[in-house]
Amino acid sequence: MVLEMLNPIHYNITSIVPEAMPAATMPVLLLTGLFLLVWNYEGTSSIPGPGYCMGIGPLISHGRFLWMGIGSACNYYNRVYGEFMRVWISGEETLIISKSSSMFHIMKHNHYSSRFGSKLGLQCIGMHEKGIIFNNNPELWKTTRPFFMKALSGPGLVRMVTVCAESLKTHLDRLEEVTNESGYVDVLTLLRRVMLDTSNTLFLRIPLDESAIVVKIQGYFDAWQALLIKPDIFFKISWLYKKYEKSVKDLKDAIEVLIAEKRRRISTEEKLEECMDFATELILAEKRGDLTRENVNQCILEMLIAAPDTMSVSLFFMLFLIAKHPNVEEAIIKEIQTVIGERDIKIDDIQKLKVMENFIYESMRYQPVVDLVMRKALEDDVIDGYPVKKGTNIILNIGRMHRLEFFPKPNEFTLENFAKNVPYRYFQPFGFGPRGCAGKYIAMVMMKAILVTLLRRFHVKTLQGQCVESIQKIHDLSLHPDETKNMLEMIFTPRNSDRCLEH
């Protein structure tokens, strides 16, 4: 009898359920179960961030990056969730970090020497496993990096001072080419042409059409920025990316014509040692079978676009800051007079220009251009107590870190922020470690040579009190002015060398 009562078959289960649980309760239990499932998933990560929410969270976070731009989205998420947080890009877990201790750990270790980005996007712009900037294959990247390091140091760095200064002088003598009818100077175009001319003189040495290639470089950069984290489905709809594909092709075709001429000259050169430069070294490596032709072409392209792409914008922001801060301009001019006088700048002067160096550092801290770094974890790790799995994407929000830690007046532009030595873990405009910027030393040389040459000849002024704070900017892969807006030009007033401190 007892066994019969315990036997579930003895009962009609369908008649029992309605008595024990009303039909309306079933949806509630299902929703509760789903909630517990989601809660259990989210509980597997101790890192702050938005909820997974049945896959909706990753879609929203990736969508925010596409809508706001990478830089703006990073700042948003760090403000909301803290300085070490987690989102998703293309369904992959991605950390956004603005803590100096975490950045220091990541930059110094080899297992963070890879970047991340859409494979299809990088293939479209020619950077997938080629070149150096976004080459995500560590072994291939290690093959190309030494060519860049050699070209950007030693004799090349020494020559850069004279080459850069002479190029700017030549372009200033033709200032009317970038001056409109009102007498306003298109500073960005001027600086981009100087940067391209300087890079070509040192690394390729083939005559080129500066104005045409500068325009093509901007088109290439727009494509790079637009395609870097696009979802794969974007590339299945040809009309969506067709214009970017064309922009990339326009620049690559132009550069390949120059490289073809370089190859021809190398083949007819009797004394090869007299034509050795960055491009020649790469072409000879190709002949030895060390590099593919496609990789050689991409390396040369990246060397030519690097300075016009970022350094020109950095110098543009610096000139706007000088225009707003006459006391800083006066201090820089005094130092130029003391260290250099009326002669041309030389390599020995570079280290002596301390006021200018602090100005450059403070400009890059206060108004950065490249303010984030994208990396990928190549093995499991623990960072500041948080577990990081192999394959995790990481974005280092350097620009935000520069306004959060160490500096006495982080939200002001003032040289007081560099009055004392700043430990390098708190200031990383170029990064450091295995994947630090290969051109960080030559970049400082170029910026000092440009500023000395320009400021000793002209006093600069913005239009209608325009300043870096009021310029409308696009904050995506980098932070740069929105060039569709007006009043980005400047007024250049010739400076009387005998009265250069009157302004």
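Numbers here mean position along the shown chain, with the first residue as 1.
Cβ atoms are placed via backbone N, Cα and C, with glycine included.
Sequence annotations record features per position, and here Swiss-Prot assigns transmembrane segment to 19-39, 303-323 based on sequence analysis. Sequence annotations record features per position, and here Swiss-Prot assigns substrate binding site to ASP309, MET374. According to Swiss-Prot, the heme binding site annotation covers CYS437.
What Swiss-Prot annotates, mapped onto the structure for a quick look.
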{"residue": "ASP309", "record": "substrate binding site", "CB count, 10 Å": "23"}
{"residue": "MET374", "record": "substrate binding site", "CB count, 10 Å": "20"}
{"residue": "CYS437", "record": "heme binding site", "CB count, 10 Å": "20"}
Cα-Cα distance linking CYS437 (heme binding site) and ASP309 (substrate binding site), given in Å to the nearest integer:
14
Would you mind pulling the DSSP three-state label for MET374 (substrate binding site)?
strand
Translate the DSSP assignment of CYS437 (heme binding site) into the three-state scheme.
coil
DSSP three-state assignment (helix, strand or coil) for ASP309 (substrate binding site):
helix
In Å, rounded, how far does the Cα of CYS437 (heme binding site) sit from the Cα of MET374 (substrate binding site)?
13
